[in-house]
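Input: a single structure, listed below in structure tokens.
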Amino acid sequence: MEKYVVMGNPIEHSQSPFIHQLFSKQSGIDYEYGRLLVPLGEFDKVATQFFSQGGRGANVTVPFKEDAFRFVDKLTQRAQACGAVNTILKLDDGTLLGDNTDGQGLILDLARLDFIIPGKILSVLVIGAGGATRGILLPLLNYNCDITLTNRTVEKAQQLAQEFSQFGTIRASAPQNVTDKHYDLIINASSSSMTDDIPPIPDSAYGFKTACYDLYYKAGMTSFLYHALKNGSTRLSDGLGMLVGQAAYAVELWYERVPDINPTINILRENLNK
């Protein structure tokens, strides 16, 4: 049986083994998937040992995505663009291919929710300029989204916008200068909801037709989504579906098929709300 793991620190609360257990049952692909705690500063050592002992693939979570980027032998375009790897496949020749499925997982969930529509150019506001944002920009730009990127430290947003401008239409703005208009989609990729804070953007950015998506998820509504609801937005979602979506695209890298994410999302949501 082929062996896969999720590597991180901490790792005990990772949902990945449960998600892949559900995917395995759904697809009929029999593979072993576990957790692997990696001591800080020892990613290369642990990863080398895992793959030398027969491991075929891995997911990588915080804080090792940049370590994985440097560790692998080859990179997909999306991994190269975002400078981080969350999925690894050992190829037949023994080399390691690094991918980043976070952004594609987001696209899959946004499409499931009808927050994005094929062929339509959407006006998208992305809040935050950290690693989470870096992982989602290329897939959004490939989907012809017109992106405004905002961040408390506007210089970080400007640097990121310049870096990704070769892939599509993207600009940076200070939060207080975000254009007073209703965006088609607002994505909170900042850490504000982790501390129950609200992103410092004008309330006028929200609207009845504005879809709002928080990369963070928890039982109940995040602070960002609650604030969006109070300001007229009714199409709301947290990032649980993105978590499942990025796992589904890891399966695609490993087995060339994408599992249906809906049943797994429903089960995880039920467990989360218990």
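Cβ coordinates come from backbone N, Cα and C, glycine included.
It should be emphasised that the depicted structure is a prediction, and the values quoted were computed from it without experimental measurement.
In the three-state DSSP scheme, LYS65 (active site, proton acceptor) falls into the helix class. Here Swiss-Prot flags LYS65 as active site, proton acceptor.
Under the DSSP three-state reduction, TYR217 (shikimate binding site) is assigned to coil, being neither helix nor strand. Annotation for TYR217 (shikimate binding site): same-chain Cβ neighbours under 8 Å, separated by at least 6 residues, are ASP238, GLY239, LEU240, LEU243, LEU272. Summarising the annotation, Swiss-Prot assigns shikimate binding site to SER14, GLN15, SER16, THR61, ASN86, ASP102, TYR217 and lists sequence analysis as the type of evidence.
Under DSSP, ARG152 (NADP(+) binding site) is assigned to coil, being neither helix nor strand in the three-state scheme. Long-range Cβ proximity for ARG152 (NADP(+) binding site), meaning a same-chain Cβ under 8 A and a gap of 6 or more residues, is found for PRO175, PRO200. What Swiss-Prot lists as NADP(+) binding site is GLY128, ALA129, GLY130, GLY131, ALA132, ASN151, ARG152, THR153, VAL154, GLU155, LYS156, LEU215, GLY239.
Around SER14 (shikimate binding site), a 10 Å sphere centred on its CB holds 19 further CB atoms from the protein chains shown. The subset of binding-site residues (SER14, SER16, ASN86) lying with their Cα within 10 Å of the Cα of LYS65 (active site, proton acceptor) consists of ASN86, given in sequence order. According to DSSP, SER14 (shikimate binding site) is assigned to coil rather than to any helix or strand. Neighbour density for ALA132 (NADP(+) binding site): within 10 A of its CB lie 23 other CB atoms from the protein chains shown. Comparing the Cα of GLN15 (shikimate binding site) with the Cα of every entry in GLY130, ALA132, VAL154, LYS156, these being the binding-site residues, the smallest distance points to ALA132.
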